[in-house]
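Here Swiss-Prot flags G87, N118 as anthranilate 1 binding site, drawing on sequence analysis. Marked as 5-phospho-alpha-D-ribose 1-diphosphate binding site by Swiss-Prot: G87, 90-91, T95, 97-100, 115-123, T127. The feature Mg(2+) 1 binding site is assigned by Swiss-Prot to S99, E232. The anthranilate 2 binding site feature in Swiss-Prot is assigned to R173. The Mg(2+) 2 binding site annotation in Swiss-Prot covers D231, E232.
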Amino acid sequence: MGERTWPHLLAALLRGDELCTADTAWAMGEIMSGSAGPAQIAGFAVALRAKGETPTELAGLVEAMLTHAVPVNLPAELRATAVDVVGTGGDLAHTVNISTMASLVVAGAGVRVVKHGNRAASSSCGTADVLEFLGLPLDLGPEAVATCVAEAGIGFCFAARFHPGMRHAGPVRRELGVPTAFNFLGPLTNPARPRAGAVGCFDARMAPVMAAVFAARGDSALVLRGEDGLDEFTTAAPTRVWAAQDGTVREALLDATDLGIPRATLADLRGGDVAYNAEAVRRLLAGETGPVRDAVLVNAAAALATQGPLDADLTEALQAGLLRAADSIDSGAAARTLERWIDVAQTVRPAAV
């Protein structure tokens, strides 16, 4: 494409043409800099969604979003082994904060976690909401987050703090009220750029697209979608998994029952308001057994599996991860991780304001 303008990009999308990475990066740059108007943002998002986003197009959006992000500069060796445990949200299931709890379990097992998230979108309690309720300050800057990762084994990048340019798209997204490409960017745009991730996606078409972006940049990731629609490794149905590693993507259908996890129902995993979900975190860390623990264990196991080879048969890696995850809770390591994290975060908070 020659000179990039909104009419040119929109016309191409309406024809059904695939945009190149530079095209979508340009569009995202215009949006995040505040140069795009509401009609241009809405037209682009809807036209791209109607055509169907491709890995190439999504990669351009991700590239521009990271360019405009406030970076978290982790040491190279830490970034190479750190993992994000995150979901796109949007599954409308209103579960407890499974990925948040799994993050604490993974960190308790000795793997550094850099979590990227926001307040609730489709549910009543997002990652940021429950962490804030538990005592974690959300206004930490990049240096403070890096300190948390180094000293507590876990840090949280509050999306609103690290992607300020996304405020220009917020009103349009709310008015549209339907999922667009913006709904799938969060897990791909962690400002700390960890090289591994266990990533939930509610959309069956977009999950392999996200996996292809992870693969293209050399990350090790498991993209997860429950057959019940959960953006997690579900225990209420089989889970479709896209394993991205070494530049390739492999798809598999797994069932938590094959790992010895009892079948649950979505009602077993239902959450509530922020106080309810925070109490669920405390009960899990105190050793309470049941469906919530089971769901947390299998999602933590998926994150731990990304630290090694993602072979065609993931069962062995997941079973090993389940043992490590259970020990993280039962030894008290996960609970101590939360306590240490809050302590470090409160200590470094003044430097981040």
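A Cβ is built for glycine as well, from the same backbone N, Cα and C atoms used for every other residue.
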Consider the binding-site residues G87, T95, S99, H116, N118 and say which one has the Cα lying nearest the Cα of R173 (anthranilate 2 binding site).
N118
So which one is it: of the binding-site residues T95, N118, which has the fewest other Cβ atoms within 10 Å?
N118
Measuring Cα to Cα, tell me the gap between S99 (5-phospho-alpha-D-ribose 1-diphosphate binding site) and G87 (anthranilate 1 binding site) in whole angstrom.
7
Starting from each candidate's C-beta and looking 10 angstroms out, tell me which of the binding-site residues H116, R119, R173 has the most other C-beta atoms.
H116
Which residues of the same chain, at least 6 positions away in sequence, have a Cβ lying under 8 Å from the Cβ of G87 (anthranilate 1 binding site)?
I98, S99, P187, V199, G200, C201, F202, D231, E232
Can you tell me how far the Cα of N118 (anthranilate 1 binding site) sits from the Cα of T95 (5-phospho-alpha-D-ribose 1-diphosphate binding site), in Å?
16
